[in-house]
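The structure appears right after this line, and notes come after that.
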């Protein structure tokens, strides 16, 4: 009986009911869209870092990344490759020699991270080859070739086929300098990365590092970093645990540990999404309270009559709460559908943010943002609206049950 009465009461004033339903649906749509945008930005930032050079996992000798000490080497590249190729979920890996150095030209100098890579391996792990705006990705038969970012090229006034000097410390801890020719210029959209990272061939870098050193190290076996790309990013922790067992004494880090800002950014975006949801739901609470309070005040005489003929306060309370819940039940599927369609469309087509490209590039964000949300967000939204409806109904329902039948019947 109560549900039937509540449903009929909802549609006694269809205009007001549709206004409330529309408000709730738009609130859900807005919350989902904002969450999709925030999640899309976060994934753009994380994917950019992974694609540029971080990968899903990295292996170093203990303490190497603290000072980039060239005495702290990984096991020989041939031995390490054999172990990596047995890993499940491995898509590709890249052996690297990494040194901190300085890039200079006639126009100035800048500190850079020099990454010596195997071209075929690096092309399979990172997207640098795909982000070249000029030149080639390490053409054959070219010694001392270097790839530089667009930002560095502008700062040092370098062009394709320009010569530049890279200065760094050798294995003997003496300063080494060599001239390199620019064979490619990349633009990842990440200004700090493009201005502070250069790529050379590992063979060339190893030769220069070992040149003056008194060592028996085989040039091709010298490796300081292994970057791994997996088939499934969700298996990162599992594969990291396998690597720690297979490579005792080596330092295995996930992309979150390699770049702690990625983990911080992920957590901050989740917090921002929750703030969006809370703010929108609070706005809905006040809107629903206002509407339901009007509905109660318009029916004072009717409610008084119902209580006079025997309807107890619990049933009156339940009826008012149920009316509010029914509004939410009608609005929620509409809002979820609108949000799903919007997110699905922008996930495929993206939003062009090129008007803010300079600012976004400085934070390592892509100019095109693709919406995305975790599947659980939809159920969280539905539960949130349900709880909001109950919370918003409490005050109007209390107002109704506090009416005295005699006074209510004589109110008009």
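Note that Cβ sites are derived from N, Cα and C of the backbone, with glycine treated the same way.
Automated prediction, rather than curation, is the source of TrEMBL annotations.
What you see is a predicted model, and the numbers here were worked out from it, not measured in a lab.
The domain 'MacB-like periplasmic core' feature in TrEMBL is assigned to 18-245. Residues or ranges marked as domain 'ABC3 transporter permease C-terminal' in TrEMBL: 275-405. Taken from TrEMBL, the feature transmembrane segment applies to 274-297, 317-343, 377-398.
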Q: Looking only at the domain 'ABC3 transporter permease C-terminal' (275-405), report the model's average pLDDT.
A: 82
Q: Mind checking which residues of the chain, 6+ beyond the ends of the transmembrane segment (274-297), have their Cβ under 8 Å from one of its Cβ atoms?
A: 9, 13, 16, 19-20, 23-24, 27, 30-31, 34-35, 38, 303, 320, 323-324, 327, 380-381, 384-385, 388-389, 391-393, 395-397, 399-400
Q. Cβ under 8 Å to the transmembrane segment (317-343), counting only same-chain residues 6 or more beyond its ends: which ones?
A. 2-3, 5-7, 9-10, 17, 20-29, 31-33, 36, 288, 292, 295-296, 371-373, 378, 381-382, 385-386, 388-390, 392-394, 396-398, 400-401
(Q) Is it possible to list how many residues within the domain 'ABC3 transporter permease C-terminal' (275-405) are helical, extended or coil according to DSSP? (A) 106 helix, 4 strand, 21 coil
